[in-house]
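Engineer: Pulled the feature table from Swiss-Prot, pasting it below:
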- CYS408: heme binding site (BINDING)
- 464-498: region 'Disordered' (REGION)
- 472-498: compositional bias 'Polar residues' (COMPBIAS)
- 505-646: domain 'Flavodoxin-like' (DOMAIN)
- 511-515, 590-622: FMN binding site (BINDING)
- 679-909: domain 'FAD-binding FR-type' (DOMAIN)
Amino acid sequence: MSAPNRQLVPIPGPSALPIVGNTFDLDLDASIQSLVNMFEEYGPVFQLTIAGHKQIFVGNVQLTNEVCDESRFCKIVFSGLELLRSAVHDGLFTAHEGERNWDIAHRILMPVFGPTKIRGMFDQMNDIAQQLCLKWGRYGPTFPIEVTEDFTRLTLDTIALCAMGYRFNSFYRDNMHPFVDRMNRFLKDTNTQSGLPDLFNSLWLHAKKRNKEDIKAMREFSQEVVDQRRQNPVDADDLLNALLHQTDPKTGEGLSDSSIIDNMITFLVAGHETTSGLLSFAFYYMLKNPWAMEKAQQEVDNVIGTERVTVNHLSKLEYLNAILRETLRLMPTAPAFTVGALKDDVIGGKYAVKKGEPINPILQAVHCDKEVYGPDATEWKPERMLEEGFHKLPANSWKPFGNGKRGCIGRAFAWQEALLVVAVLLQSFTFTEDDPSYQLRIREALTIKPDGFKIRATLREHKTTAGMVPESVQSLRQAQKSGKPGNSKSSANESMVGQGNGRSVSIFYGSNSGSCESLANLLASDCAKYGFSVQTTDALDAARENFTSNQIVLIVASTYDGKPADNATEFVNWLKSLTGEPLKGVSYAVFGCGHHDWATTFYKIPILIDELLEQRGAQRVAPRGAANAAVSDLFSDLEKWEESILWPALGLTPALLESQGDTQPRLTISFQRPYTQRKEFLEATVTSASELTTSASPSRKCHMELQLPQDMTYNTGDYLAVLPLNPLSNVQRALSRFHLAWDSVLVIEATGPTQLPTATPISVADLFGAYVELSQPATPRNIRALAGAASDEPTKQALLKLAEDDFATQVRDKRLSVLDLLGQYESVALPVEAFIEMLLPLRPRTYSISSAPQWNPSHASITWSIIDTVSWSGHGRFLGVASNHLYDLSPGAVVRVSVRRSNPAFHPPQDPNSYPIIMIASGSGLAPFRGFIQERALQQKAGMTLAPALLFFGCRGRDDDLHRAEMDDFEKSGVVRVMRAYSKAPNEPDAFGCAYIQERVWSERKEFRELWNRGATVFVCGGTKMSEAIKDVFIKIAYGNAGQDDNKSSRDWFASLDPHRYVAEVFN
């Protein structure tokens, strides 16, 4: 806002001294408390000069609300955050406004932190929480527990397991993991340096050296986690797989290797530091206010009792929610954020601020604004944060998770984790202070935590340490149950169009997290089931060209920080720009998703779309539906809205819904002779198979040679897509349950969209084995369908209870599939058509080809890692579909494959004498270069002259030196020269003292530079750490500036290289 008619006044504050500014006005060990105290002297706004830069601090709700206006202010990275960039560069937390990598990473990672995905992480969170309970239970009632340290262990292990599938096992260590020690020291140093003048920092050489060591250690650890995932891939829908494999839905770009590491460290730090502080402060306040502890424990007893805590319990713990909110009000563990004006501006009607000048809301002061929270604002009273009071708070009066689009992306993750931990601890223990005279001391880095706070924990009467083995672990000991034969007769039902009468429906969604997209796909399937003709299911931004008067438009949308999803922004802007009634004749309905903790923007965008469509002439055919992710399941809410509101509004009668319900399949099946499977995949024959690693190796790798089908060709460096089969044990369970023989043949006809093979005879074993997922957890709708097919009332009622009250604990938490439930409830006479319709399609997997096509004509080889781990469902083990299928194949077996082309530049030269090649690989990255070298050997044998070729190969040691005998033969023949590095045995003669491949490249830099100057192409294949290190050493060698005094110009030179001269591919 501007104030042309008001007198501007200077922003108050203490006088700054030359050079040191206001450094001596702050206690560098308690800078936040120093700032909070200054508000008492200077009022709600003051300024300081810190580290040579003027900064403005605000401490009330009115000014905070003003600077949170993203049309006038944006986040700026300054002071401590700017120093953090030395470690994490432009990661999500430290990126400057407008940095491209932030936009890409944010769009890629938003789906990972959607409400459905967070709920799916509950079991892993509970795994770590139970480890904490077991540790405290074994301490006994007199042991002083270092609360902050153990909560740090807990939150670090939780974010690592949930986001990256990595176990720190912190509760089994005497000391913290080295990553934590490095991180804590780096954060403390950074916090101290942020308050010192640049001159002082420039002289603090010891801290600079220590910072570099800490950064190196943190990035190396993160790289190891990435390398482990790449060497042992898992089919997990987690943050690490998103970083490695997902692309930006807007630009199609993926993350660079460096950006992957930046964001991994960001999440490991931010994902546990603030939550551990929250938990520590919460227990401090509860113990200092025993009436609140008693009330919280009573709520846990009433809601959960002695049962295992489930995700559905959490939304019912209203008082625990209030405790966490009130704790973050008084002790916001991320105590401030920084914004800057987009242009010169005025705040508070009288204080001038310059463009980009740092403005810091100090949340401990803002959250104690007596104008909002009353005269007792500094007192801890959870009752003020119960649902009704919390949602009446003014905008931006509670900001512990930051602001707007740069707010905490992991808020829902942290909240679910904190609620779970408090609940299980209160369920298991009674607590006392170790020292009742303890007064709160705060330890500051970039976050705050209690310092020196200790407690004692006594097991409650209903708890024992023996009983603390998590239910999920106990269930892993159960033997896998197999289904028994059920109804052996499958009747083909008549095709029913339904009362949709073929009316056209278009469905659109606005979704960053992926939840609304999933809901839209479910809605499309249901529309087809009831006789509607689904024209499209697409993002809202595609809707402008698809609004016609002869169809029904259904919209599923959510709100992100008060704004539309990224793929709905253009649509909303278009809708706002319309005038008059240009949408007259369009029929529509809107279903909105939200979370009530974002009270000021709850359902904002769905409501806006609903109202604007009506204002512009469209006809609302059904009242808007709504799902609150904080208290319910989105998919169940959509089903309720469909059945109670949407279908009746569209003229579907209860009789039709009953007749075409979930037990009535839309498929017609008849049995005929066997027929060939999917046409895009052809049969290849296994000619040899071997395991490359020993049984002691943590990562089992295999090698397979395949005879390709006729006319299937590939080029050296290409990929092979494999169509896998489900494990035979699961296929047999399904066949047995429906009393079907392996060679039974069926034909599928569908009245709606399906990815199943239709109008084609297919073996039922092929269908169950190669087309559908048999282990996907059942949904409430699936279970209701089973209930409808039950032949006795007790079974029906038991299944209906599973679909409702017991769904989370007995189905979702145990990840029971439809097949599992059919095995448990033998009286369910479900038609095979209905079962097949419930299953999701099975996808192919892709592998690098590690051979040259001419080496063994019509053959190709592949390499892969075997996935065999404990199943989440408790039904035996989880077997990777493709990896175990391939492992089970013997020479002569058939597998269906299809060639996929690689990067056009990632191929050896057709004329081997045209230019030299330099190949650089680590570990399994050797695979494509094995094909390169085979091709050169054949060219040499044909009498062709070979330009020089170098292979730099890094691995652990001689025992890990893949294809060693073969490579020795190639080297003796002059096809290639191999130069090795052994990370675990650098003193071996072959390694020439080099532990890492970049060291070996540098040691051979003279020959490397000579070949480069002769026009060599450099090929790199390996992990991100290796690829980055090779790029750095390559620039030093090829650019000719070993000191890298002009790093920017050398990087510019690298960026301008012919993309065919330096080709790098990350190995997965």
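Glycine is no exception: its Cβ is also placed from the backbone N, Cα and C atoms.
Context for these features, please: burial, neighbours, distances.
Structural biologist: Of all the Cβ atoms in the protein chains shown, 21 others lie within 10 Å of the Cβ of CYS408 (heme binding site). Taken residue by residue with DSSP, CYS408 (heme binding site) is part of neither helix nor strand, so it is coil.
ASP610 (FMN binding site) counts 22 other C-beta atoms within 10 Å of its own C-beta, drawing on all protein chains shown.
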Engineer: Across the domain 'FAD-binding FR-type' (679-909), what does the pLDDT come to on average, as a whole number?
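Structural biologist: Averaged over the domain 'FAD-binding FR-type' (679-909), per-residue pLDDT gives 83.
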Engineer: Which residue, out of the binding-site residues SER511, THR600, GLN615, shows the minimum number of other Cβ atoms inside 10 Å of its Cβ in this structure?
Structural biologist: THR600
Engineer: What does the structure give for the C-alpha distance between THR600 (FMN binding site) and CYS408 (heme binding site)? Integer Å is fine.
Structural biologist: 17
Engineer: Around ARG620 (FMN binding site), how many other CB atoms lie within 10 A of its CB?
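Structural biologist: Counting Cβ neighbours of ARG620 (FMN binding site) within 10 Å gives 15.
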Engineer: If you run the three-state DSSP split on ARG620 (FMN binding site), which class comes out?
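Structural biologist: Going by the DSSP assignment, ARG620 (FMN binding site) falls within a strand, counted as strand.
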Engineer: For the C-alpha pair, I'd like the distance in angstrom between SER511 (FMN binding site) and CYS408 (heme binding site), rounded off.
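Structural biologist: It is 18 Å, counting Cα to Cα.
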Engineer: Tell me, by DSSP, whether VAL590 (FMN binding site) is helix, strand or coil?
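Structural biologist: For VAL590 (FMN binding site) - judged by DSSP and reduced to three states - the answer is strand.
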Engineer: When secondary structure is assigned with DSSP, how many helix, strand and coil residues does the domain 'Flavodoxin-like' (505-646) contain?
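Structural biologist: Looking at the domain 'Flavodoxin-like' (505-646) with DSSP, the answer is 58 helix, 37 strand, 47 coil.
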Engineer: Compare the C-alpha of CYS408 (heme binding site) with the C-alpha of each of the binding-site residues VAL590, HIS595, ILE605, ARG620, and give the closest one.
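Structural biologist: Among VAL590, HIS595, ILE605, ARG620, HIS595.
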